[in-house]
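Asker: Below is one structure. I have some questions about it.
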């Protein structure tokens, strides 16, 4: 500001427009997620620029003799509403499939190969994490400070993941807490997000001096400009593919406790490159790294026809079911999480496009074309049986299919909300997206419902939550399936949309 005043005194600054800083940089917003982006080229900001000029009426010839303070008005960064809406959509789908998936098995996770609505949740999370990283780390004043923040946020995500999904929390139905450390589950949803965030954000931070401010001409310049990010993704791809198809998987056994009796089961393997439930390398790595007692004990493969007559719904195991039907499997395991780094890498590419391409059409052209290409690759790999789409293994075809779908949905939201301005119908998604961590913990993990269930009358089954489910929804519609779905939509999703909106009104956010 003092330099501008000196320039005015010396007659080197003649235009009052020069007093105004019109450059809008990507910055972290009030919620600390870095979802703001440069939009000073767009028409709808012209009025703001005019107002900024009017706010600086001080002319050069008015400054004579004594030095006067110069008013510098900085235009606020415009938050990209699409990011919050997309994040909110992912949380909404997660609540829907978790709490209504038992009644509608078709939207629950695919028992093995294939892709259902529930299977889009995790890669959509990782995709939007990548986009947000690109915006938050567009400019890094101090690399060491940025690394410290990345490590701290990673540890916070790990901590909450272990608390919520490690077995300590029994919400919402079981009014108890605590976990046997011999059986604690070390990996889960937030832990996978933490790993992908750590790797992708660290590469973005350490290569900050190697990235260009302006792209060179050429269709592939956006890829070559961020070659280190793609190299990191390719390295994760190589580790996953080589391990999956070359690692020898021996026979393995596990013990099941039933009615105070223990029974040991043996699974015969002795093979490489198997992509079925019993003998895949993904499960073997987790059994070796975490220990068989620290894995998820209710894997979705129990809903396969080979395991139950109720397939694709959950049900009692059929007589003569293979031994592996009773075995544990970690759906958010170590090797599959390495593959998940690719989802974050593709997400950060979409963020780079948002930064470097200023026109709506250029952005959409990049996003939509890449989305379609990824989906075509996935379909070819799946239907040729080369690499089936499989969420449990986080196969390469699954990465391509879900990342391509995420890119197309993101593009659709961007077109509707940020280009055409249809923001109002998506406000509740934005509100949920701004407080994603709060809604995830309270709704998706059932912490709020568990708190309410803790206040019951005579019996734990006679609480407000159970009463609403039974008398307001199930009994009224005379259908447990439909009643459950309506309760999830109105009693959970709509409720938390309103709560998130109120919290947004008072600028209250839970951030890590």
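The backbone N, Cα and C atoms fix where each Cβ goes, and this holds for glycine too.
Note that the structure is a prediction, hence the values are computed from the model and not measured.
Summarising the annotation, TrEMBL assigns compositional bias 'Basic and acidic residues' to 1-21, 30-48. The domain 'Heparan-alpha-glucosaminide N-acetyltransferase catalytic' annotation in TrEMBL covers 79-208. The feature region 'Disordered' is assigned by TrEMBL to 1-48. What TrEMBL lists as transmembrane segment is 85-105, 117-138, 150-169, 189-207, 228-249, 334-355, 367-384, 396-417, 438-457, 485-503.
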Asker: Output the single range from 85-105, 117-138, 334-355, 396-417, 438-457 maximising the number of Cβ pairs under 8 Å to the transmembrane segment (485-503).
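Answerer: Ranking 85-105, 117-138, 334-355, 396-417, 438-457 by Cβ pairs under 8 Å to the transmembrane segment (485-503) puts 85-105 first.
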Asker: Would the transmembrane segment (117-138) and the transmembrane segment (85-105) count as touching if the test is at least 3 Cβ pairs under 8 Å, pairs 6 or more apart?
Answerer: yes
Asker: For the transmembrane segment (334-355), could you work out the same-chain residues 6 or more beyond its ends whose Cβ comes under 8 Å from its Cβ atoms?
Answerer: 26, 37-38, 80, 122-123, 126-135, 138, 187, 191-192, 195-197, 199-200, 204, 222-223, 225-226, 229-230, 232-233, 236-237, 239-240, 243-244, 281-282, 285-286, 289-290, 363, 366-367, 370, 374, 392-396, 399, 402-403, 406-407, 410
